[in-house]
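Novice: Mind looking over this structure? Questions follow.
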Amino acid sequence: MKQLTGAQIRQMFLDFFQEKGHAVEPSASLVPHEDPSLLWINSGVATLKKYFDGRVIPQNPRITNAQKSIRTNDIENVGKTARHHTFFEMLGNFSIGDYFKEEAITWAWEFLTSDKWIGFDKELLSVTIHPEDEEAFTIWNEKMGVPKERIIRLEENFWDIGEGPSGPNTEIFYDRGEAYGNDFSDPELYPGGENERYLEVWNLVFSQFNHNPDGSYTPLPKKNIDTGMGLERMTSIVQDVPTNFDTDLFMPMIGATETISGEKYRNGDLEKDMAFKVIADHIRTVTFAVGDGALPSNEGRGYVLRRLLRRAVRYSKKLNINRPFMFELVPVVGEVMKDFYPEVLEKKDFIAKVVKNEEERFHETLHDGEAILSEVIAKAKEEKTTVISGVDAFRLYDTYGFPIELTEEYAEEAGMTVDHEGFENEMEKQRERARAARQDVDSMQVQGGVLGEVKVASEFVGYGTVATESNVVALVKNGEYTDSLQVGEEGQLMLDVTPFYAESGGQIADRGCLLADGVKVLVKDVQKAPNGQNLHQVVVEEGTLTKDAAVKAIIDTKNRSSVVKNHTATHLLHQALKDVLGTHVNQAGSLVTSERLRFDFSHFGQVQADELEKIERIVNEKIWESIDVEISQKAIEEAKEMGAMALFGEKYGDVVRVVQVGDYSLELCGGCHVDNTASIGIFKIVAESGIGAGIRRIEAVTGKSAYELMNDQVGLLKEAAGKMKTNPKDILTRVDGLFAEVKQLQKENESLAAKLSNIEAGNLTDSVMTVDGVNVLAAKVNVADMNNLRTMMDDLKNKLESAVVVLASVNDDKVNILAGVTKDLISQGYHAGKLVKEVASRCGGGGGGRPDMAQAGGKNPAQVEEALAFVQEYVKSVSK
């Protein structure tokens, strides 16, 4: 058998079938774009459904591919077993009504056994078939020469997912030898059984029947072939390694994790081996998924990514990794996969940023959640129960963002379980509260009662008209029809023709008035009625308004002018965000008022100051270029072909309104806009913030509001300069001088603190105790921060030469703990990381680190003395 890399096997497979007249289908994105039923692309055939069901006729009925796939239904088994993965590659060859069994079997055998290709020993291959598939038996036995004792008939060799194409399948198994199993009394030791010796190499499915609604099977007029070979499993066989994780597809990530952690893979510790495997698997999945456009969040595929990253971080603690590190593995994945997936390396910086951002968020979550969970577990044990209540599990999830899966894993380690039913009950209560809140909001809208009965037409003409003659066609007061509204009364009305824009697409409604002889009506708001008409919220200021009255409808043009400036600016901002941050940016919400604009968008981390500056400059440059804004009606397909940006989740009709700003911005939009970007005047970003997982918000102003803001800022600058007795242009020099003075004072303060620390360290040596022949010092000290604590620790370790030292300090009701072990005692089994974790857990905290030095935090200062007392117990337990 040849020595081949995973990349060589993949390419060899595609080359083989290309020689057999197959077209190579590119590996599709993991995020399905044509199949809403799938969360992820999860098999090689998933992207080819359009061909198999006849919606699309392929140019070539013979297809081959190497398809990246994600499956997370067995996530808890990843790392525990030899071959479970969340990300894998499926190699396949497919026939859409062209060749069938004989060719599929013949080519599979040729690829596996020919010296030109894989070169397996034929004697080590066995096959399984369906008991009634005599055709497959004949091909295997008579044409391929496989002896009948190596052709196993199994009932489960039938591919059927309900109604639709189905048929028997044949699987090919490789015998890895007695080293992987030689107990022939084991009922599972056969090709197709649960064992490590006979591994499935390839599954060939023969779609030859149609499963009818009545349960019967009839022959398909066109028979299809669908085969699948897992690249990772095939590589483990070719490279003769015990698991998929030991192949060159995973070992570079495991090796990098060894370097980061200082731990060794396959060093006799099964728990650590599992951690290495989980990390290697999950970073592959996350790297590819983010590269294909998915981002961590709290729902859907985003939650899958968050769960995988957090599970990997959780396992990394078993390797004493207590910092963000997964992002460092992204370029390693890119290098491994670059031959077939060069885009991973191209996007590595972006992917690494996403991963690092998520890791940092989770480390904060872990710190708080672990401390609370430790208390919950301790409380449960005190109450003599082995079940963590659903209420506690929900509190961890809802308040601290601690995933239920992690709570379950921690509970399992402590020999406990989680009340899942109770947790789900709490989740349902939360959903009910959310539904009730939504109902409360809806009840405030003017979309109930008689309004649902109003079918009269109302035409909106406000894109090009600011005033129009109109008639009141419906008048409502307190949810009931009325014939009139008197002075001071409020109500709702519909006009047969209206220039008033109804709030939608983030743009607020127009304001204005209705005028008639002796009548003046203020229009306060406009919303969409249940049947789509513009519904005006009004108050009568003069006279009496009657149903069927003829009125002149006039919008507040000053207000509209400010609104349209801000709306067109959001379009420019959207494109500028994509230009600066990347094409992953998508609109997640907006608000356009006359005073300001607010734009929410998908992005993995805080937008940096220099990025904000670039974004702001781009928008202003487009304003100053005086670009015409063109608005047109297009067929939806034509608009998409033009590249128009559509809002995710928004439903559009067959004909859409396209807003185009020169050749810079192209969006589907029903709102109001300026005729030329010059009308916007100036654009100024006011704030940037995060409003949820993977969602950022920019607030900005334009025109007069931007001028007033900048004028205020100049005023503040002048005032600050006056207080510092300088002029505005020299203010930075003055600030730098003040900083230098402060820095010098800090330096003097630190020097004094170091001297005091050294004196205190000298005094502490008098408190050293000997426990079972080991010098032990556990003390509460007065220092300002962790840096001073480290300085004191170094002084003590140098003075004592051989000792176990634990120092704790309390500042602002927070506990800092530092443990240190000298080199000679590390070899005797003393471990600072394990010790500090135990000490911290006794004062409401958590932490860990290296054998020689480790830090932790706590939340209960009153328990510090009691926690430090444990140090002697620890030393005694290790010395036994």
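Yeah, the Cβs are placed from backbone N, Cα and C, and that goes for glycine too.
Keep in mind that what you see is a predicted model, and the values were worked out from it rather than measured.
Swiss-Prot lists HIS567, HIS571, CYS669, HIS673 with the feature Zn(2+) binding site, giving sequence analysis as the kind of evidence.
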Novice: Other than HIS567, HIS571, CYS669, HIS673, which residues of the chain come within 8 Å of the Zn(2+) site, judged by Cβ distance to the Cβ centroid of those residues?
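Specialist: Same chain, not in HIS567, HIS571, CYS669, HIS673, Cβ within 8 Å: VAL564, THR568, THR570, VAL629, VAL659, GLU667, GLY671, CYS672.
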Novice: By a simple count, how many Cβ atoms lie within 10 Å of the Cβ of HIS571 (Zn(2+) binding site), its own Cβ left out?
Specialist: 27
Novice: Tell me, how many other CB atoms lie within 10 A of the CB of HIS567 (Zn(2+) binding site), whichever protein chain they belong to?
Specialist: 25
Novice: Can you name the residues of this chain that are 6 or more positions from HIS673 (Zn(2+) binding site) yet have a C-beta less than 8 Å from its C-beta?
Specialist: VAL564, HIS567, THR568, HIS571, VAL629, ILE631, VAL659
Novice: Give the three-state DSSP assignment (helix, strand or coil) for HIS567 (Zn(2+) binding site).
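Specialist: In the DSSP reduction, HIS567 (Zn(2+) binding site) maps to helix.
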Novice: Which residues in the same chain, at least 6 apart in sequence, have a Cβ under 8 Å from the Cβ of CYS669 (Zn(2+) binding site)?
Specialist: GLY505, HIS571, ARG657, VAL658, VAL659
